[in-house]
Structure formats: C-alpha cells, structure tokens
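Down below is the structure, laid out as structure tokens.
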Amino acid sequence: MANPKSDFLRIVTERGFVHQCTDADGIDAETAKGPMPAYIGFDATATSLHAGSLLPIMLLRWLQKTGNKPIVLMGGGTTRVGDPSGKDESRKLLTDEQIADNIAGIKRVFAKFLTFGDGPTDAVMVNNDDWLRGLNYIDFLRDIGRHFTINRMLSFDSVKLRLDREQPLTFLEFNYMILQAYDFMELNKRVGCKMQMGGSDQWGNIVNGIELTRRVSGNEVFGLTVPLLTTSGGAKMGKTASGAIWLDGDQLSPYDYWQFWRNTDDADVGRFLRLFTDMDIAEIAKLEALEGSEINEAKKILAHEATSLLHGAAAAEAAAETARKTFDAGQIANDLPTVEIPRGDLEAGIGILDILNRAGLAASNGEARRLIKNGGARLNDEKIASDSMTVTLSDLMDEGVIKLSSGKKRHILVRPA
RNA sequence: GGAGGGAUGCCCGAGUGGUUAAAGGGGACGGGCUGUAAACCCGUUGGCUUAGCCUACGUUGGUUCGAAUCCAACUCCCUCCA
C-alpha cells in the first residue's frame, strides 16, 4: 500500500520484511489503533534457534517496538507428532522432556529480542501442546474438519507441488495445515490474536487459519509473510564452514557469530542491515552506498549491530577487537575460540593430525592431511609442512597458547589445561 | 492383484564381469587474485597405523580366480493396467 498510517506496517515494509499480506488496509488500521496481538510459530526440534529464524524474530521485535503484542507460538504439540516435511528419514520423535528443554532454550533467545511480561505490549510465549494434546478426534472432525474441503486443500501449493512431482504426501502431513489453522483460531479465541506471520512457505497455512477463524467465530484476522531469505549467492541463509549459525553463545561463540555477519556478501549488506539491525534507514542507505573495499566498514557495523542484539554490546566489542587483532594487526588475539588440551598430552607430544582434529579444524585425519597438503594448515601462523610433525609444549607462544589455523579465516587457540 | 522401470559416494548422476574408491556436475574445503567480498582460475573431496589395509554402489545369499556390474530372494520407490 502507498502510505501506511501505522508505524508497524510502514517500518516493516520499508525494511523489506513483507513478502505478501492479506488486507494491508486492515492490518494498517489495526496496528495503528493500538496493541494488536500477532503471532509466529516456531518448531521445538532443537535446543536453540539458528540464523534462519532471525527474520521472523526481528519481525516480532518491530511489532513490539511499534506498540503491538508479539505472541511466540512454540510448536510443542506438533513437534510431538514429528514434523513430516523432511524427505527421507523419518524424524526421531522427541520425548516430552526434550521438547520442554528445547522450549526453555529457545525462550532464552527470544528474551534477547523481545520483552516478555503481562503488559498490553509485552510478549508472551504459548505452546500449542496446551490445546492440541487433548483434542478428541471425532469432535475435531465434526467441529473443524467440516470447514475444510479436500478440493481446496488440494489446490494449495504445498500440496499441489508435491502431488505434481509425484512425491508421496502422508495423511499426517496433509493434516498439518489443518492443525496450524486450528492454532490460529485457538489463539484468536484465547488471547484475541489477530494476525499470523511467518515464512512465505507458510502462506497457504496462514490463509487457512484466517478462513477457519472467520467461519468458526466470524472474526476477521490477518496474515503476513516474510520473504524466503537466501544470500545473493543463492545459498540458504545461516550455514557456514563450522555448521549452523546458532543463536546461542554456547553453541556458537559471539566471535564466530560476529564473523558470520562480517563475511556477508557485498550485495547483501544493505538488505541485511535493514532486516537484522535496528539502525536508522537513512543511515543504512549511506552505508550501503559505500564503494569497493569501503563496504567492509558497513559489514563491521552490521556485525556489531547484529552481535549486540544477540550477545550484548560488550561481546560485540570484544569480537570486533579479536577480529582486528587477528586480521588487521597479525597479533594473537587471546579470546579466539579456544580448545583445551591436557598439559600432559602436550608434554608427551601430540601428532599434528590429532591436534587438528581435536581443535575441530578437521573431521578426520584424512581431512587434516589434505588440509596440510593443500597448504591451508598453519601452526602459530607458520605453514605446516609435514603431516608427521608433533606439537609439544615448546610450541607454546609467549601468550601461553598455540594457534592453529585452517585457511585464512578459521583460527583456534589451544591452551594446556 | 498383473506388467514394467528403478535404488550408486554429502546431493544429482554415469557406469552392465577385471585397469573402479567408482566418469561428470553441484556443494563443501584449501590455494591464487582481492577487500576476512563477488566473479574467475587451480587443487582436494570414504576411513586408517597410507608404496599397504579396511569399508563402500538398497538388504541377504549365490555364481566366478574376480561382481556396482550376472543369478535368487527380500525391502522400498515409481509407471501403466485391474
């Protein structure tokens, strides 16, 4: 829409969060009027979220910052069934206890981005297990199932594409969209939730929830989706050499998180600044316009802002300083990711292949050997020439550490313990 | 229920008795260029105690000096017919 009256719609639109939405005027009016409760659903399949979830999290953040009420829906109930969307191996079913742990871990992440509480614009976290677990199949069919026609369900892309490609679609999966629609209806009933947001692949499910809510209660509710995020290189967002970009300091250090953002493609810098930081849009436009190597400054700012949001400004500063020492000054930064190795092992001497493995720079001796052969392995910044060398206490530098590197970017400090 | 097609390394995909740890592509990792970009070029890409050994072409057996390759049974997937 041309000129949104509400802060919410104006901001998320100009920042590039909106892929598509239902009735923009309606959303605009509702969010302009006062606290509108809106929700996004998240899986509870892991103990932490990763960067792929950041986009919807930021959307909730803006929702709250513009005076509305974010609802975080944990898919505890649907996780209990097992998410069928994967292709081959069926998901290992999680125990209730694991799911509870996962939800607790995930909530810690949300607490960094949202303010939780009981106030009108405070975020709340709910679990669809609360209403899904007790469902009675026959009642559900009579009350909810009658609002869905197979004809229509078959027309949704998520279903149609599968059928067109002649891929199997289980009944469970076919029902998934109904459960999700039910979630929306239930949230509308319980807490007056008026909008569901989610990834663009959720559009069909969201629309179903809107229709179900209208049919059952007559209430008008809305939907909004965020774009599917890929880097301009076409890669899926949130992966790196060492694995997923976890939003949890124990699984991915603030330094590595900072590095992830620092290594953003030139072409993505402006887009990412708008999506993943709170920075002023005009300021971003200036940074985005930087040419050539100057864009590196914009990347550092992106890394700083994004890391500050998740890990705090102090951690972001420390990460920046570590990176500066490591890359610009050629010094040993003391808080690079560290691996501890028993002093006794070092006294006895550890084979270089072994220590590369232990530092997590290689997944097997073969990989370590390859790394050395290709000239990518370094010990205290000296190229490792032989795969038969031994690392001992005498390799400790003045700082009391041994620095191991794979390539130019991955550095690990080994500390005797 | 009947007829036919298929299952190969992280993914896609070639290979129909030995020179096959298995073409090619993608991805990933390393090197070069550079700006800790992109694009491009080069290399590597099952494991190990590495001139050797082990594991691997859906599963289990069989034929053979030798099998991803031939045979049998089984599992799963797909197509057509009913």
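Placed from the backbone N, Cα and C atoms, the Cβ positions cover glycine too.
Annotations in TrEMBL come from automatic prediction, not curation.
Per TrEMBL, the range carrying the annotation motif ''KMSKS' region' out of A:66-70, A:236-240, A:261-265 is A:236-240. Residues A:44-53 are the range that TrEMBL records as motif ''HIGH' region', among A:44-53, A:114-123, A:334-343. Binding of L-tyrosine is attributed in the record to A:Tyr39, A:Tyr176, A:Gln180, and the widest Cα separation among these residues amounts to 18 Å.
Local packing around the binding-site residues A:Tyr39, A:Tyr176 was summarised as the count of other Cβ atoms within 10 Å of each Cβ; on this measure the leading residue is A:Tyr39. Around the Cβ of A:Gln180 (L-tyrosine binding site), the same chain contributes A:Gly41, A:Thr78, A:Gln202, A:Asn205, A:Asn208, A:Gly209, each under 8 angstroms and 6 or more positions distant in sequence. A:Tyr39 (L-tyrosine binding site) falls within a strand segment according to DSSP. Applying DSSP to the domain 'Tyrosine--tRNA ligase SYY-like C-terminal' (A:331-414) sorts its residues as follows: 25 helix, 23 strand, 36 coil.
Model confidence over the motif ''KMSKS' region' (A:236-240) stands at 64, taken as the mean pLDDT rounded to a whole number.
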